[in-house]
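So that you can see what the record holds, here are the features copied from TrEMBL:
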DOMAIN    B:46-273  domain 'ABC transmembrane type-2'
TRANSMEM  B:48-68  transmembrane segment
TRANSMEM  B:80-101  transmembrane segment
TRANSMEM  B:122-151  transmembrane segment
TRANSMEM  B:157-179  transmembrane segment
TRANSMEM  B:191-210  transmembrane segment
TRANSMEM  B:248-270  transmembrane segment
Amino acid sequence: MRKSYGEVRAVDGVDLRVSAGSVFGLLGPNGAGKTTIVRTLATLIPPDSGEVRVLGHDVVREARAIRDRIGLTGQYSSVDEELSGRDNLVLLSRLRGFSWGAARRRTGELLATFGLEEAASRLVRTYSGGMRRRLDIASSMIVTPDLMFLDEPTTGLDPHSRNQVWELVRGMVGEGATVLLTTQYLDEADQLADRIAVIDHGQVIADGTPVELKRSVGSSVLRVRLRDAGQRDTAERMLTEALGTAVHTGADRLELTAQVAAEEEATLALAGLSGAGIGLAEYAFGHATLDQVFLALTGHPADGSRAETEEAA
Amino acid sequence: MSSVVEAGPGRGMSALAAARPTRPGALSSTLTFAWRAVQKVRRDPTQILEALGVPIMFTLVFGFLFGGALAGSTSGYMQFYIPGIVVFTGIMISMRIGAVVNLDNSREVTDRFRALAIWRPAAIVGTLLGNNVLYVVGCAVAVAVGLAVGFRPDGGVLGLLATILITLVFVFSFSWVYVVCGLALKSPTAALSACQAIVFPVSFVSNFFVPQETLPGWLQAVVNLNPFALTITAARGLAHGTATAGEVGAALAGCAALVAIFAPLSLFLYRRRA
């Protein structure tokens, strides 16, 4: 799939396969091309080239067959601010083909399921971010879609609302829906997705299960936190020697992380530090986080600030 | 007992699962969008105040200001002027369609509509139809104010209803011009400015204030092609019970021409939205 806007190649040769009944995560910073991919798959914009089939149908020639079976929840809320929550759901139930009576019944069920009964008569304009997102997802669940697109479903939500959205996504998958989720949060992809494609500059730079992705970068990661920042240089030198890999230091002056090929090396390195009298406040040994995966794959952190600067330029 | 409750998927979020009804028809979707427009009017009654302002202001200010000079007497002028005010009220208060369509189109909710398997024009056609609640109020106020200042139509109640009806047909047709402005321009303000820039020449280069016979020949030729003027001619005839089939036919042909040009253009712009 390719898609350009003038000179900008928003999507540059993306090839994805999403299997039914799973959650597929598209992970990347702002401006990576995630939304363009979702909009193409949801039949909103045609691809410039490439064959794109969704649920067995071509996105250009058989768009209506796809639209019958998908749900789309856009990056900002795809709900009507000037209507009440109830009227939003009645409207969309009617547009899915329910009679007025059935539309009202379905709306009642969804308002209850999504915890929106009390706010049902209020204009959506007055809703909090979390309520708006719940209404948004409810609007996509009026008929259970075979494929649900969630474009950055938790961007801008507080942790409590984010957890609610995650539970809803798990519930949808429990009902047999396939979910294609975009996110710039690495822990979100890790929590929800069965498979992840990492997108940068309109290209897939890696894909696999979360575990595979983490393994591909280098098996495991040792993280230590020093008691005394003055011992940092000594600790960094000793770890580099013991592990034979680069040691990363972050914004936190007490923390050091390094990739580890074999567990024994980590044990020996820790013993070495303690033998040299370097006190550790804490240490952890485990799989790489997706943040580290992103850094290793792209050479820059997944903070999105770089992409935003480019867009502004 | 629990087996009854758990019939169906039997999982915690079973309300998430719903059977798929058949795809709605074009008419059903259009009426649903019309319902949406009516709910928005109900939720924001200031729109109705706008619909009241135009007929009251134009009847009182221009009727009394120009009436004596143009027709010799104010009451004589009102017989000529009020049917035009009904049509003018329609073209003025429907101008907001440009901004409404522009705002709608810039919002993500439009993506949701576009990703549904519905008749594509339903969103726009429904919006135009639903806003008729405002136009009916505006036209009724225009008639009421007219009656209060001495308008005595010979066509009676039926004539007045026919006047309002042809106005609604014209407003629906002319609204496609506003829809094109709304879809082609970047912001609601720009769309509204464009609508105003179109409405003023269309409504003033017409037989709205003065009979077209008083205009120079070349201007009469222009006025005779102006669907707004054709509608006013028909509206006057219908109000006073003198309308000919030719007058009504010409007005309807003007309306059909507006739809034939601007509806396809609107739908092209709507589809093209990136």
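Note: Cβ is positioned from N, Cα and C throughout, glycine not excepted.
Within its own chain, the transmembrane segment (B:157-179) has Cβ neighbours under 8 Å at 83, 86-87, 89-91, 94-95, 97-98, 101, 124, 128-129, 131-132, 135-136, 139-140, 143, 191, 195, 198, 227-228, 231, 234-235, 238-241, 243, 248, 251-252, 254-256, 258-259, 261-263, 265-266, counting only residues six or more beyond its boundaries. Sequence-distant contacts of the transmembrane segment (B:191-210), counting only residues of its own chain at least 6 positions beyond either end whose CB sits under 8 Å from a CB of the stretch, comprise 62, 66, 70, 81, 84, 87-88, 91-92, 95-99, 101-102, 177-178, 181-182, 185, 219, 222-223, 226, 228-229, 232-233.
If you look at the transmembrane segment (B:80-101), the same-chain residues 6 or more away from its ends with a CB under 8 A from one of its CBs are 47, 50-51, 54-55, 58-59, 62-63, 67, 71, 124, 127-128, 131, 134-135, 138-139, 141-143, 146, 151, 153, 163-164, 167-168, 170-171, 174-175, 178-179, 181-183, 185, 188-189, 191-192, 194-196, 199, 202-203, 207-209, 211, 228, 231-232, 235-236, 238-240. Tertiary neighbourhood of the transmembrane segment (B:122-151): same-chain residues 26, 29-38, 40-41, 47-48, 50-52, 54-56, 59-60, 63-64, 74-75, 78-79, 82, 85-86, 89-90, 93-94, 97, 100-101, 104, 110, 113, 160, 163-164, 167-168, 171-172, 175-176, 179, 266-267, 270, selected by CB-CB distance under 8 Å and a gap of 6+ residues from either end. Long-range contacts of the transmembrane segment (B:48-68) within the same chain, counting only residues at least 6 positions beyond its ends with a Cβ under 8 Å from a Cβ of the stretch, are 41, 74-78, 81-82, 85-86, 88-89, 92-93, 96, 134-135, 137-139, 141-142, 145-146, 149, 209.
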